[in-house]
Each structure stands twice: as structure tokens, then as C-alpha cells.
Amino acid sequence: MNKILLQCDNLCKRYQEGSVQTDVLHNVSFSVGEGEMMAIVGSSGSGKSTLLHLLGGLDTPTSGDVIFNGQPMSKLSSAAKAELRNQKLGFIYQFHHLLPDFTALENVAMPLLIGKKKPAEINSRALEMLKAVGLDHRANHRPSELSGGERQRVAIARALVNNPRLVLADEPTGNLDARNADSIFQLLGELNRLQGTAFLVVTHDLQLAKRMSRQLEMRDGRLTAELSLMGAE
């Protein structure tokens, strides 16, 4: 079994507005191993996106903890969490969130700039990642000049440019047609094999989830089962 990279211990999340309490996550516990490809499957409103926000240190659980590489996130300062997100975690969303006035190369380079890497390293690494996703020939094109599938590939290159140990992906193919969605998941698998990056993908699509090595089901804020989707039609 691979070394545990990320572990959730009894995560709960409650929102309160006035006297109204809404429990979104209930005692969620699971782990992700080094280099693992894992999916969490659930319908809209099941708590998947809230869970990813907690895993990435973008929000704080009401109770429970997230442990990344043996270090509890509850003990990290805001600055330390930001550094963790920049250096060790990658994020992919349903919408690409590319900066419209920047080229593909400049968008991919942004995490390196934030991480204060050397200028020569920034350009070469960003171009290397664009080549890895098959878009080095589109390096100087802005998002408006790219197709939907190309924009999502640029977003994936940006997520991986700092060579993170884990990528958190929230419905990464939700805005794509079937052909482009298939292409994106093939790309994630290839990057996993080449770089050893672990991926945790949340999705409602069983056909896409079955591409991952392990699948968990989430309903109403609870992990209810480990699924067996290999060969599912």
C-alpha cells in the first residue's frame, strides 16, 4: 500500500445563519495514498465541493482535521496554508479560471511567479508543462483564442506546474463534451504515471469516475460506500 499522503479525520462542517444551522459534512474520514487516483462520486449538493475546500485549506472544518503528509492543517498559519497550496497542492475546477488578458504561457507561469521562482526557471517550466498537455504551440494565445478543451488543458498545466504531490479536481470535465472529457481524463492518467502526482477528483459522472483506481460515494454530506465501478457501462 502506498504511503498515506492526505488523511481526513472525522471532518464536520456546519454553517450557521442566525438561529438556522446547516450541517454540510458529517464525520467524513478517508485517506489518499501517494500517487493514488481517487474519485468521490455524488450528486449536486452532496457536499463534495465543500469537502475539497476543507482539504485544500480554503475553509476550516467545524470539527475534525485534515492531515497532509503527517502535518495537521489545524496547526498551520494562514501563510503556511497558502505556501502549502502553492507548493504541494494543485487545483482544477469545472471552470478554468484563466486570466483573460494573459497568454496560456503566462497563466501557467502564475503559480511560479507567486512562489518567487527565478525568471529563467519560470519560463522553461511553464513551457514544459504546456508541452506535457499538448499545447506548447498555443503558448502565446489568450484564453479567448482557445477552445473549451484547450482552456481546461491550460488549467491542468497551471495546476501541475509546481509539481504538486496532490491535485484536487472539482468536476474538471463538467463543462466539456464527451470527446473532450475523455481526452482530459486520459491526460490526468498520463500525468499521474509520468509524474507520480496523486489526484482526488469529485464528480457526479460514474463513467468518468471508473477511470480512477478507487471510488467513494458521498450522499448528504456522508461517505456511504466504496464503489466498484471497473467496467461499468
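Just so you know, glycine gets a Cβ as well, placed from its N, Cα and C.
The annotation ATP binding site is assigned in Swiss-Prot to Gly42, Ser43, Ser44, Gly45, Ser46, Gly47, Lys48, Ser49. In the three-state DSSP classification, Ser43 (ATP binding site) falls within coil. Proximity of Ser43 (ATP binding site) to non-local residues of its own chain (separation of 6 or more, Cβ distance below 8 Å) is seen for His204, Arg219, given in sequence order.
Residues or ranges marked as domain 'ABC transporter' by Swiss-Prot on the basis of sequence analysis: 6-233.
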Checklist line | binding-site residues compared (Ser44, Ser46, Ser49) - highest count of Cβ atoms within 10 Å | finding: Ser46
Note to self: Sequence gap of 6 or more, Cβ distance under 8 Å: name the residues on the same chain that satisfy this around Lys48 (ATP binding site), in order along the sequence.
What the structure shows: Ile40, Gly42, Asp170, Val202, Met218
Checklist line | The one of Gly42, Gly45, Gly47 whose CB sees the fewest other CB atoms within 10 Å, among these binding-site residues | finding: Gly45
Margin query: Return the average pLDDT for the domain 'ABC transporter' (6-233) as a whole number.
Written below: 85
